[in-house]
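Q: Pasting the feature list from Swiss-Prot:
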MOD_RES   2  N-acetylalanine
MOD_RES   3  phosphoserine
MOD_RES   13  N6-acetyllysine
BINDING   44, 98, 99, 100, 495, 500  ATP binding site
BINDING   44, 98, 99, 100, 101, 168, 169, 410, 495, 500  ADP binding site
MOD_RES   60  phosphoserine
BINDING   97  Mg(2+) binding site
MOD_RES   154  N6-acetyllysine
MOD_RES   181  N6-acetyllysine
CROSSLNK  248  SUMO2 cross-link
MOD_RES   260  phosphoserine
MOD_RES   261  phosphothreonine
């Protein structure tokens, strides 16, 4: 019987696109490697910055070297690149730092996988080798971790070193000591709770970064109303989200026709009485400070002033939420049952000047660990980048307070893990050993890139570092000030164990997900149907 020759059958809708086998894999590798190459120049203490310009009517300018910020603000179309962008975002949310490292490591793993597949090694063999390598690297990292949680002095020094290491690759590196102290003091005030919501960051143009300071209280970037007390002691605070602008008819957009101006005056009087009644209900709570998320119009403001109550309007939602947290109050919208409303409290509310701006200062708040970091700087871009840098440091410190284990930075941990994986590969038979060796090579690329970004001879430095670890000097790492190999324990270049562990596991998982892909199917775009029913 003659064999049937079938033409290829397209099972997808018109407009759908499919990439298969090698084409799909190559497309994934190229996209992921391109993302890694984009951010790798920002890695390390001598990393470079990127300028991000957004288009459109409200075009904004951003100068940053934060991996997560760069990847979040660029639009990517490649599916593998999107996987790495999402991974860096998760790294930022989980531990706050290591966003560039995790992206670069995943990209380097895929670069190695590309050359292994070219040598006809099956993706599943590579994955099996990588899984064993990840396990060995994690165990090596765990065995090198140091825990000073029980020693207060050493733990404080660890926190200072970790904050310093995190900030050394940021814009704040020139004021590292100042901001390290600020960040550590702010996190230690949390008393182990790790609730970063209690740390409020305010940015004010003017002065220099060195003028930034930590304020032991809460600052709200608003002004106190006219003819109202500017200072209140032992404050009882009602925090609300309610309309205080009932000076116009707002009943389902209704219209009112009147036959004389006297009728208009009657309507206005009724509106005023309605507002007066609402203010009286608020005052029944026994408060001396009223903070509203929405506007407070002139008439209710006068009523509050006459009652000797400080009224603060238009406190943005994030400000109100945080204020409720630190003063121990709850946000209210109705005022019929004063006994059910939880009021906030603080010892003193007063108006203060920062630069040319007036702010409201709350001191002696119910949440004792609450504080505000006031950032000063010459331009808005500097302030924004300083805030991002400080956020990374605060997140890492909060993570370290929960899990006090630390490891050494400067490429030391990566080289330690690479050495453990290489030793495992030498004991493993078959093709999996080649995959393990490629994993070790990808880990060694991180110190290589750090040295390259600093303008040093990376091949020579990494060879020296590899030799040092082979000789058993497990605290050896890159000293980027001197351009040589140094002892990280002496130099105080310390990183959080959780950050390093998350970088290793996230990068390995993301690279494995992309390596498993052998088909990319793009759905057909939705057809636009002409609208035959215009408004």
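Even glycines carry a Cβ here, placed using N, Cα and C.
Note that the coordinates shown come from a computational prediction; the quantities given were computed from them, not determined experimentally.
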Q: Between residue 154 (N6-acetyllysine) and residue 101 (ADP binding site), what C-alpha distance do you get in Å?
A: 27
Q: So of all those recorded positions, 60, 169, 181, 261, which one's Cα sits nearest to residue 98 (ATP binding site)?
A: 169
Q: For the recorded positions 181, 500, which Cβ has the most other Cβ atoms within 10 Å, all shown protein chains included?
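A: Within the set of recorded positions, the most crowded position is 500.
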Q: Hey, which of the recorded positions 60, 99, 100, 101, 260 is the loneliest by Cβ count within 10 Å?
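A: Checked 60, 99, 100, 101, 260; of these recorded positions, fewest Cβ neighbours within 10 Å: 260.
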Q: Counting across all protein chains present, how many other Cβ atoms fall within 10 Å of the Cβ of the residue listed as 'Mg(2+) binding site'?
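A: Result for the residue listed as 'Mg(2+) binding site': 31 other Cβ atoms within 10 Å.
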Q: Taking the recorded ATP site as 44, 98, 99, 100, 495, 500, identify the other residues of that chain whose CB atom sits within 8 Å of the mean position of the site's CB atoms, giving them in sequence order.
A: 43, 97, 101, 102, 499, 503
Q: If you count Cβ atoms within 10 Å of the Cβ of residue 154 (N6-acetyllysine), leaving out that atom itself, what do you get?
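A: Excluding its own Cβ, residue 154 (N6-acetyllysine) sees 15 Cβ atoms within 10 Å.
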Q: Taking the Cα atoms as reference points, how far is residue 44 (ATP binding site) from residue 169 (ADP binding site) in Å?
A: 5
Q: Taking DSSP as the reference, which of helix, strand or coil describes residue 60 (phosphoserine)?
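A: DSSP call for residue 60 (phosphoserine): coil, neither helix nor strand.
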Q: Out of 169, 261, which of the recorded positions has the smallest number of neighbouring Cβ atoms within 10 Å?
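A: It is 261 that, of the recorded positions 169, 261, has the fewest other Cβ atoms within 10 Å.
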Q: Using all protein chains shown, find which of the binding-site residues 44, 98 scores highest when you count other CB atoms within 10 A of its CB.
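A: Counting every other Cβ within 10 Å of each candidate, the maximum falls on 98.
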Q: Which state, by DSSP, holds residue 98 (ATP binding site): helix, strand or coil?
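A: Residue 98 (ATP binding site) sits in coil per DSSP, no helix or strand.
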Q: If you measure from the Cα of residue 500 (ATP binding site), which of the recorded positions 101, 169, 181, 261 is the nearest?
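A: Looking at Cα distances from residue 500 (ATP binding site), the smallest one goes to 101.
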Q: Looking at Cβ-Cβ distances, which residues of the chain lie under 8 angstroms from residue 495 (ATP binding site) while being 6 or more apart from it?
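A: In sequence order, 162, 165, 166, 406, 407, 408, 409, 413 meet the Cβ cut-off.
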